[in-house]
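The structure under discussion appears below in the form of structure tokens.
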Amino acid sequence: EQKQSSGEAGNEGIQRLFFLQVALSPPVICGFLSSYQPRLGMGFRPNGCLASPQETLMGKYGDNSKLIYELQDQGGELLALRYDLTVPFARCLAMNKITNIKRYHIAKVYRRDNPATTRGRYREFYQCDFDIAGQFDSMIPDAECLKIVHEILSDLQLGDFLIKVNDRRILNGVFAVCGVPESKFITTCSTVDKLDKMPWDDVRSEMVGEKGLSPEAADCIGEYVQLHGGLDLIEQLLQDPKLSQNKLAKEGLGDMKLLFEYLTLFGITGKISFDLSLARGLDYYTGVIFEAVLLQQENDHVEESVSVGSVAGGGRYDGLVGMFDPKGRKVPCVGVSIGIERIFSIMEQRVKASGEKVRTTETQVLVATPQKHLLGARLKLISELWDAGIKAEMLYKKDPKLLKQLQYCEDTGIPLVAIIGEQELTDGVVKLRVVTTREEVNIPREKLADEIRRRLEPCSLSVQSCLTL
């Protein structure tokens with residue numbers, strides 16, 4: 001009744017609120033993780049290292065450092081909310097002298113940003129990270145991280161996607177051969193990182209006007225960072241008269257070629273693009289970097305693309321652990337971060353565009369009665385279901401009309417109705433109704449809980465099926 005009186009805008013707000021509550025609840029996060037299950041069984045284990053000393057986070061995020069939430073506790077210590085899960089993980093490795101681990105971590109991170117919920121940008125949101133730390137042969141862990149991203153995005157069926165890859169050494173080599181002073185490599189890299197949001201002319205203007213590069217250097221950079229391709233492009237750049245003379249670029253291109261060979265064996269190069277415009281503006285990356293983006297809507301009836309930016313990103317950060325080690329001991333690391341809430345934003349918009357109803361409750365079954373004076377029967381049955389671990393509810397009225405009870409299920413997305421009337425009490429059964437199909441079947445009362453679990457079991461296997469009718 002409150003929902004109906006609040007008007008259409010209120011309904012949308014309630015649906016939005018419950019979508020996020022359901023989507024970000026532990027059961028659905030675990031359902032989301034079911035896409036990763038093969039990986040979790042192959043050596044990855046959970047790890048989590050909220051607030052850190054400010055010096056832990058500062059100087060590692062480039063231009064994005066301004067988005068760090070800075071705090072001060074009662075004792076005057078300067079703290080900051082974690083910006084990502086990578087830096088705290090690196091600090092954890094250094095403090096505990098860990099040199100070899102494969103881990104995953106799901107937790108909230110915080111950005112002092114301008115939120116845009118339709119684009120999946122929030123100030124507080126969940127990320128899921130996979131990281132491989134340790135001394136291994138070149139590009140093998142990196143290839144596995146890309147394989148993980150490919151598996152997740154394929155299994156979630158979000159539509160066509162592309163994983164862009166590059167290498168910081170190649171970028172630094174480009175900057176060097178174009179005459180950029182080494183002291184400006186990081187700031188120039190942050191500007192190149194804006195190419196996915198700004199046209200080249202605007203990026204060039206920032207390089208010259210704000211970062212102090214010469215017009216000739218900017219034009220030279222532009223010749224490289226607008227290139228993208230695959231193995232052919234790598235071979236072409238290995239023969240480039242300028243880059244082939246730069247040690248850093250040559251190392252990066254050699255590793256990139258090796259990476260593509262491994263990705264070919266994994267059978268995923270069709271979704272991989274070597275893109276020199278990819279820069280990943282965080283300062284701690286030292287080698288391969290990658291970012292996954294959705295290309296377009298999969299469904300024809302959706303008129304506009306969902307614009308939420310990248311849905312995953314990561315790279316190699318071999319020097320980060322050494323920043324926290326008293327003796328500067330380095331632990332090579334590579335990892336990937338999945339933007340869980342950005343993915344849910346895409347799902348939400350697609351559900352809305354397709355006309356599917358969003359479930360606004362986690363209730364599995366509504367206990368209903370078709371006649372008057374059966375409140376006691378409802379209370380007794382709902383108590384039995386609660387004791388059996390079933391999420392059940394009923395309307396808080398003595399004698400609600402059956403039609404109103406069924407309409408409540410349709411409005412909120414409750415999938416099942418357990419109807420108990422005079423005849424069902426006599427026969428010792430409960431009439432179980434599927435809301436979407438209106439199918440009804442009599443179930444022996446003692447078997448009702450098991451039947452509800454059986455019918456709802458597929459919901460545990462799919463995130464989207466838990467969120468829609």
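Glycine is no exception: its Cβ is also placed from the backbone N, Cα and C atoms.
Counting only same-chain residues six or more apart in sequence, the Cβ atoms lying under 8 angstroms from the Cβ of Q127 (L-histidine binding site) belong to D84, L85, I106, A107, K108, V109, S337, I338, G339, I340. Positions annotated as L-histidine binding site by TrEMBL: D84, L85, T86, R111, Q127, D131, R280, Y284, Y285.
According to TrEMBL, the domain 'Aminoacyl-transfer RNA synthetases class-II family profile' annotation covers 104-370.
Neighbour count (other Cβ atoms within 10 Å of the Cβ, all protein chains): 26 for T86 (L-histidine binding site). Overall, the recorded L-histidine-binding residues D84, L85, T86, R111, Q127, D131, R280, Y284, Y285 cover a maximum inter-Cα distance of 21 Å.
Of the listed binding-site residues D84, R280, Y285, the Cβ environment within 10 Å is emptiest of other Cβ atoms at D84.
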